[in-house]
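Annotation comment: TrEMBL describes 44-61, 73-92, 98-118, 130-153, 181-199, 219-248, 260-282, 288-306 as transmembrane segment.
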Amino acid sequence: MLLLLSVRYGANQNSDATVFNSFFHYDSSNVDQRIIRDIRLPRVIGAMLIGAALAVSGGLMQSVTKNPMADSGLLGINAGAAFMLTLCFTFFPKMSTLNTTVFSVIGAGIAASLVFSISSMKKSQMSPTILVLSGMAISAFFTAISEGIALVAHLKQDLAFWHFGGVSAVSWAQLYRLGPWIIIGLIVVMFMASNLNLLTLSDDTIKSLGKNTMAIRLISLICVVVLSGISVSLVGAVAFVGLIIPHIAKFLVGTNNKKVIPMTIILGADLTVLADLIARTINPPNETPFGIIISLVGVPFFIYLARKDSSQI
């Protein structure tokens with residue numbers, strides 16, 4: 001339903017017949033049908049994939065760290081990816097989509113390594129408080145450098161919209177190259193559901209069951225880095241999707257990851273598609289970055305979680 005609404009509504013509203021014909025009786029000479037097929041449909045599919053990827057990344061972070069406040073945006077991973085992309089846009093403006101995505105994933109990996117290294121520097125088991133604070137510090141650090149580079153290179157205005165997040169620039173070419181990697185990452189996470197359930201137990205209990213906690217966490221973090229890096233390269237630094245959605249999914253279906261992960265994928269896709277629809281229709285013909293729409297929900301939710309269980313932050 002959201003997909004149909006998203007391809008129908010925007011700066012201009014299309015009839016049901018136009019939407020139907022754009023799918024089943026496509027006429028390339030019809031401007032409205034071309035807008036639906038070449039602009040709205042790829043951005044909606046992109047929003048679905050990105051929403052699912054970010055939501056699952058947040059769920060993985062929360063499982064691995066046992067911290068309900070964990071999210072790739074809050075812990076600096078998205079900022080690390082955005083920093084590398086800023087370097088690419090500044091010094092290699094003609095770099096291909098695939099190469100910029102590789103650098104984005106590398107940036108996400110560097111940020112994740114820094115956050116977890118700082119968090120576990122003095123303790124064998126990282127503190128949730130130190131983890132969140134380390135993530136915020138790393139995020140602020142990379143964001144400040146990115147802003148400085150953009151300002152010096154006169155890219156501030158060009159990067160501003162991208163930093164707030166948006167799917168307006170998503171194309172079929174990008175989806176063909178990057179979409180399969182997101183889908184593969186989501187499938188890998190779904191196959192890991194049983195092992196992710198084990199992370200709720202103590203490390204000693206998991207080892208007694210013959211499971212390798214380090215391997216489970218490492219694979220999970222690799223999935224987080226890849227999914228987050230690809231997402232940032234496509235739509236920018238969007239936060240709070242990975243914070244909000246896993247909690248809603250657990251509220252609806254319980255804590256079993258075999259049910260939570262599929263529900264997280266669905267709800268994450270729904271949230272970003274809905275946010276994009278609102279962003280396109282709230283002030284036509286101008287477009288509001290959909291990251292702002294999500295933040296309007298995410299910030300109060302973050303405060304709610306902080307007040308609900310302050311011991312976890």
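Glycine too: its Cβ is placed from the backbone N, Cα and C atoms.
All TrEMBL annotations are machine predictions without curation.
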Using a cut-off of under 8 Å between C-beta atoms, tell me which stretch among 73-92, 181-199, 219-248, 260-282, 288-306 contacts the transmembrane segment (98-118) the most.
73-92
The transmembrane segment (44-61) and the transmembrane segment (130-153) contact flag, 3+ Cβ pairs under 8 angstroms:
no
Top stretch among 73-92, 260-282, 288-306 for CB pairs under 8 A with the transmembrane segment (181-199)?
260-282
Close approaches to the transmembrane segment (73-92) from elsewhere in its chain (Cβ under 8 angstroms; 6 or more beyond its ends):
54, 57, 61, 99-100, 103-112, 114-115, 131-132, 134-143, 145-146, 149-150, 153, 155, 158-159, 163, 224-225, 228-229, 231-233, 236-243, 302
Same-chain residues near the transmembrane segment (288-306), Cβ under 8 Å, at least 6 residues beyond its ends:
47, 68-69, 74, 161, 164-167, 235-241, 243-244, 247, 271-272, 275-276, 278-279, 282, 312-313
